[in-house]
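> Right, I'll just put the structure down here and ask away after.
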Amino acid sequence: MTSIYTSDLKNHRRAPPPPNGAAGSGSGSSSGSGSGSGSGSGSGSLTNIVTSSNSLGVTANQTKPIQLNINSSKRQSGWVHVKDDGIFTSFRWNKRFMVINDKTLNFYKQEPYSSDGNSNSNTPDLSFPLYLINNINLKPNSGYSKTSQSFEIVPKNNNKSILISVKTNNDYLDWLDAFTTKCPLVQIGENNSGVSSSHPHLQIQHLTNGSLNGNSSSSPTSGLSSSSVLTGGNSGVSGPINFTHKVHVGFDPASGNFTGLPDTWKSLLQHSKITNEDWKKDPVAVIKVLEFYSDINGGNSAAGTPIGSPMINSKTNNNNNDPNNYSSAKNNVQEANLQEWVKPPAKSTVSQFKPSRAAPKPPTPYHLTQLNGSSHQHTSSSGSLPSSGNNNNNNNSTNNNNTKNVSPLNNLMNKSELIPARRAPPPPTSGTSSDTYSNKNHQDRSGYEQQRQQRTDSSQQQQQQQKQHQYQQKSQQQQQQPLSSHQGGTSHIPKQVPPTLPSSGPPTQAASGKSMPSKIHPDLKIQQGTNNYIKSSGTDANQVDGDAKQFIKPFNLQSKKSQQQLASKQPSPPSSQQQQQKPMTSHGLMGTSHSVTKPLNPVNDPIKPLNLKSSKSKEALNETSGVSKTPSPTDKSNKPTAPASGPAVTKTAKQLKKERERLNDLQIIAKLKTVVNNQDPKPLFRIVEKAGQGASGNVYLAEMIKDNNRKIAIKQMDLDAQPRKELIINEILVMKDSQHKNIVNFLDSYLIGDNELWVIMEYMQGGSLTEIIENNDFKLNEKQIATICFETLKGLQHLHKKHIIHRDIKSDNVLLDAYGNVKITDFGFCAKLTDQRNKRATMVGTPYWMAPEVVKQKEYDEKVDVWSLGIMTIEMIEGEPPYLNEEPLKALYLIATNGTPKLKKPELLSNSIKKFLSICLCVDVRYRASTDELLEHSFIQHKSGKIEELAPLLEWKKQQQKHQQHKQETSDTGFA
């Protein structure tokens, strides 16, 4: 199939004599007049004489049988369904054995064999010369059956077309390859719109040796290249075209290898236990597993690699990656990441979920150089204000060219200089037009400087005096760490000059990628009031003070994280607008500087602790981004701004979409405050020991001090360390709204400060089902298994009736108490289905318990929990889930391909439990049982018992407690 023959290319034109010297008819024309006069000879292995008067050139009964060489490698054959587009036959599909040879397309009622003596079996029922094919129209997802693929052969004489339906997609592609090989000049595509010899699944190029070019259809001899060699015998004519078959990612059945694989995928396959037999068995499943793993590391799941991390930047699905950049070290890191992905997230590995990047180096863009330079001066030497505006002009001219990496977000702010407040601009993109923006900024700034000089000549002396007074006042504010309106105004206004920010922010904050606090919106409102003061002549400074008090007052109620997100959502500090409103901004308000500044001091005291915290974060943000958004040349405090454009450029569109879909920090804090208790929980509880960890935090055993030392479980979560904070709110809301005897009871929740969350739950003394299985030597009888499944099913039924999917059912998340009660916990991955979205398609959970539809990235519903319950049942039978000893990539492949896992010793189990497993682990979701059906199953109805019968499983726990108590008493006696 990889050879192209001159006779195939030029059957529709005058052809040279064949190698055996037989005279060719040579009368066939490309017009396809319907005379049926093609070349009368072919290769030695095939002879075709078309004698029918049919306008198609097709004969139903040949006077001379076609001689077939069944073992020829140039032949594609197989069973298909055929019909034409006639009025009476368009609804009938006839099953035929189709064979494409060098010259004809033949259809047989039965498979032809050259070895038997029956000549009728080798007589085609229908024969179609290849030179009469005008084009081939693809009709995917249509045909004889629902899974069939079809294509239409259109003849040149505008007669009836032939529709051919192929059963499988692989056969469909093979046939298209065969037609591409035999008829390279025939157009193949949907609705005759495709390019020559192409179909939607393949990218095919024909590389000629020089003579065959785009004008080959008009030149009768253009198809004959210098490399064409005529040979005798059965080999025919050698191929004049170097045929290449390129696909994005494909599988070559001949070699048994994948084609077009990215280097990262190749490395994963080489280091995995997926064998060549696995590849040949189901190559589509291998590709699905690789895509699944890539999406997990691309941030599509809760445990995925975060945005902006180096892991994502090295993925092959990014548009800007280079396959040559993949090294073995990176591949090893990705393997290790896959190994870590199946483990519960530990607090020590939290840093891998944060975007890590180095702080950009100076020089900074033009309108930010003065800010950064003055900020460093201020930090190191308590600061000093420039003596005149000339310094600003000099620095502006010096740094005017340093705008190559300025994001359009900053330039957009300069375009709207006269607007004090506006909606958040779009996410920053590549700053390719920075030069244009910088030139415009320079022109606008030059015009503004001239205008300011004209209006301020008369007040220069007063300005100098006020500046000295302002500096003294600023030093006082620095010692008190006041909350000044650091986001807006020029440095010439004492109201807008903040204290020196301490440089105690550790550099690790910048590297960890934490979003820093930004108190922007209260000051934004203050600036609006100030601008109104400037624009209205009848407004005095007291009105500005009142506005400042009014808008700063609620600021104390907001947390650091809410301010952080607001800074990223409203990255428009009004200092640039304030500075460029009018010259009165920098000079006209000097007389009111005392009254403007003093009212701010009383507000600073209650906010002082928050401000101390945020000042460090602002320092780290400056180190992280290296770019500030305000063009004010002397403002020393405009640091908490939107992120720099550098890291944002590396984000893919998919990641940005995920970011927009997530709750921002302000919404998260607001939502948390409606759920949690604002009381300090530390005086209420006494932590005893660490009990374990879940998907979103550590769990501690504690005692309630005011409730007779009642034992409870406290789940502590650091909000700053959570990659997706909305999952935490999701977990709290589900537990709070899902009060059930088979779900771990939610007691209360507390938010300490602005980043530490405590969730109080009932304590399950028996521990997890995993511990019970391990400490009982994997000897759970069927009655105990049925009882645990029964209790778990009741909890799942309650969730599913609320249209909630747990999505992480496994033995680690099923707990028992001292009385044998079985309860479900860890709702960090749960999801709620709605009428608008009654199926999910995200990839969360633990791989070994995942349903096949999740691994294959198909839509799923509540029945994924039923599959996980079946895997958990196998855990109780065999001590571990299937494929646990396989490395994760191979396990994902086996889940996707094997379907229902096999039991190690099924002969030891009863029929009822095997039937129970069969309907839990049914690959076809339509036939998989629901929780309601499972509760009515005979295994649950007849085998399950009372929860008290589970008490023997907890004997190991009692023995462990006695041993610890004895050890404690011994140690106390020794000290005594």
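Just so it is clear, glycine is given a Cβ too, placed from its N, Cα and C backbone atoms.
Annotations for this protein, taken from Swiss-Prot, read as follows:
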ACT_SITE  ASP808  active site, proton acceptor
BINDING   ALA691, GLY692, GLN693, GLY694, ALA695, SER696, GLY697, ASN698, VAL699, LYS715  ATP binding site
COMPBIAS  23-43  compositional bias 'Gly residues'
COMPBIAS  313-332  compositional bias 'Low complexity'
COMPBIAS  371-411  compositional bias 'Low complexity'
COMPBIAS  430-440  compositional bias 'Polar residues'
COMPBIAS  441-455  compositional bias 'Basic and acidic residues'
COMPBIAS  456-487  compositional bias 'Low complexity'
COMPBIAS  496-505  compositional bias 'Pro residues'
COMPBIAS  559-583  compositional bias 'Low complexity'
COMPBIAS  622-635  compositional bias 'Polar residues'
DOMAIN    73-184  domain 'PH'
DOMAIN    237-250  domain 'CRIB'
DOMAIN    685-940  domain 'Protein kinase'
REGION    1-46  region 'Disordered'
REGION    207-231  region 'Disordered'
REGION    298-522  region 'Disordered'
REGION    559-658  region 'Disordered'
> If you count the C-beta atoms lying within 10 Å of each candidate's C-beta, which of the recorded positions ALA691, GLY697, ASP808 ends up with the smallest number?
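It is ALA691 that, of the recorded positions ALA691, GLY697, ASP808, has the fewest other Cβ atoms within 10 Å.
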> Let me know how many other Cβ atoms fall within 10 Å of the Cβ of VAL699 (ATP binding site).
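For VAL699 (ATP binding site), the count of other Cβ atoms within 10 Å is 19.
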> Under DSSP, the domain 'PH' (73-184) has how many residues in helix, strand and coil?
20 helix, 44 strand, 48 coil
> Rounded to a whole angstrom, what is the C-alpha distance between the residue listed as 'active site, proton acceptor' and GLY697 (ATP binding site)?
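Between the Cα atoms of the residue listed as 'active site, proton acceptor' and GLY697 (ATP binding site), the distance comes to 15 Å.
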> DSSP secondary structure for GLY697 (ATP binding site), reduced to helix/strand/coil, please.
coil
> Across the domain 'PH' (73-184), what does the mean pLDDT come to, as a whole number?
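Here the predicted model's pLDDT, averaged over the domain 'PH' (73-184), is 78.
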> May I ask you to report the DSSP-based helix, strand or coil state of ALA691 (ATP binding site)?
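Going by the DSSP assignment, ALA691 (ATP binding site) falls within a strand, counted as strand.
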